[in-house]
Each structure stands twice: as C-alpha cells, then as structure tokens.
C-alpha cells in the first residue's frame, strides 16, 4: 500500500475511533437513503436465509446432503460427469416395499399391494427429482446470482461510501490544518460514492418485480409437483380399493392340520434320535461382500482403502461407479471397478 493509502486508512480509523469512543458526530445521510439502505440489508439477509431453507426444503436430510457433496466432489476430481442424485424418501420407502412385496409373491394380497404402493412411491420420487432440478434452475440459481452479483455490488458501493465519509469527516474536523484542496477532493469523492450507492439501491428496489416472478415460478413448480403426486396417489388408491374388493370375494379357506410323518422307530415307540437336526440351525445366508482386485488408496475423506484380496462387506451401492462398504470396522466408499463381487447386494 502507498504512503497516501496508509495515510487515508489512518484518517478513517481515527475518525471511526472518535465516533465510537468520543461520541463525535459524523455526516448524516438523508432519510430516503437510510430507508433504502435498511431495505437492502433486510433483502440481503432474506436471500441468504431463503437459499439455505430452500435447499433444506428440497433435500431435508443434512447427512445425505453432506454425503452427496463429498461424492460429487470426488466424482469431479476423477473426471466423472454424472452427479449422484439425492435419495428421495419416497424412493427409499418404495424400494423397501417393492423388495418385500416381491418376496411375498403374487399369491399374497399384501405382497401385491406392497408392489403397487412401492411403484407409486418410486414414481413420486421421480417427480420430486424433477421438482429439485426445476426449483434449483428457476429459483435457487437466480437468487444465488442476485446475492453474488447485484447485492454484492451494492454492498461494495456502501462500504466505499462509508470509507469516504470517514475520510471526509476527519478532514472536515481539521479545517485550517489540512489544505482546502484535500477537503474539496474528499467532498467530491464522498458525493460521488453516495450517488453510486444511491443509484444502485434505487435501481435494485425499483426492479424487485423480478424476485416476485422467481417466487411465482417456485410456487408453480411446487404446485406441479403436488398435482402430479396427487394423480399418482389417486390412481394408487383406486388400485388398492379394487384389491380390497377382489379379496373380499375370494372364498375363505379353512385350516386343516396335517399329520406329522412318523419314522419307523417312532412307530415302535422309540422317540426321535437326539442326533436329529434341530429346526432353525441352518447356516444364515452370507452377507453381501466383494474381493479387492487391486490395492485402493483413499485420496479423499470418506473413501475406504483396501489391499488386493481383502474381503469387504457391501452395505450400499451409491451409483454405477461407487460402492459403500466396511472393512475391519471402518466404513467408506470405493470404486466398483476395483473389486469383484462375491455375494451381491439384494435387489
């Protein structure tokens, strides 16, 4: 910084100290200017908080948001274009219902109904994904631009005005000790900054209909989401009512106990051998797992490192490129093409 710059910073600091500590009064700006400044301040706070809350509205789970942020950052670093989507709660519940509905089979009324509801929830998750994309492009991104460009520029003008106001007031208090030319230049710069700040605030506030339009687009997107979701649920309700009606017309079966098959020793009065297999002692199915084909060294936080030949327990497939798993008590993510699946994850 030049000597003149250091001198100016000293003037500002000295004037600010006088106002805060000694109670010296600085130049007052007009009421209209102060009202605009207040509205700009409220607007800046509103935009910042709305951006945060809008993201929470679309993606309410902070843990998933953090995980997605990390995964998408890793994907970008590795040159992968496709981003991982947020796991919608409707889709997670739908997957669960589809899984157990298919396991119960087509001869189960409950199983068939679970499949119906699961498929409907998966459709709702797709509609929610569309809402996410739509709201981000038409509401969140424009608000972010407003914050990063227009409001940031106004803030710059206001800070510059305050700096020049302090410089002017410092020199004004020292009339006779400071050359009149310096005071005149300080007045000109102060008035120039005031006009710039005033014009930028005025133009912004006069055009706030743009923000109203963005709100209208947001409401339209939310309305479209709820309209499509309502249609899906109404169709699902009709399906379930039909299943209830059909199930009520099926004749009820009576329970008929089946006789126990007796062995030849049982027929002679000898009980079953104590060495016979006790029900329920079957070995449980193996956990989903995979074997490392190559060594994988984690480069980012949250990745799981392993050596060639390590057996890793699979817990989740994040996308077509990444698994989530556990090894020696540690959990993390690793690339699919580094492993060979031994026992696959359930569908």
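Quick reminder: no glycine exception, Cβ is built from N, Cα and C everywhere.
Owing to the predicted nature of the structure, the values given are computational and were not obtained by experimental measurement.
Per Swiss-Prot, the range carrying the annotation region 'Interaction with ARC' out of 218-254, 292-328 is 218-254.
From the options 60-87, 88-115, the stretch Swiss-Prot describes as region 'Required for dimerization upon membrane association' is 60-87. When DSSP labels each residue, the region 'Interaction with ARC' (218-254) comes out as 32 helix, 0 strand, 5 coil, counted as helix, strand and coil in that order. Across the range of the domain 'SH3' (285-344), the DSSP-based residue counts are 3 helix, 31 strand, 26 coil.
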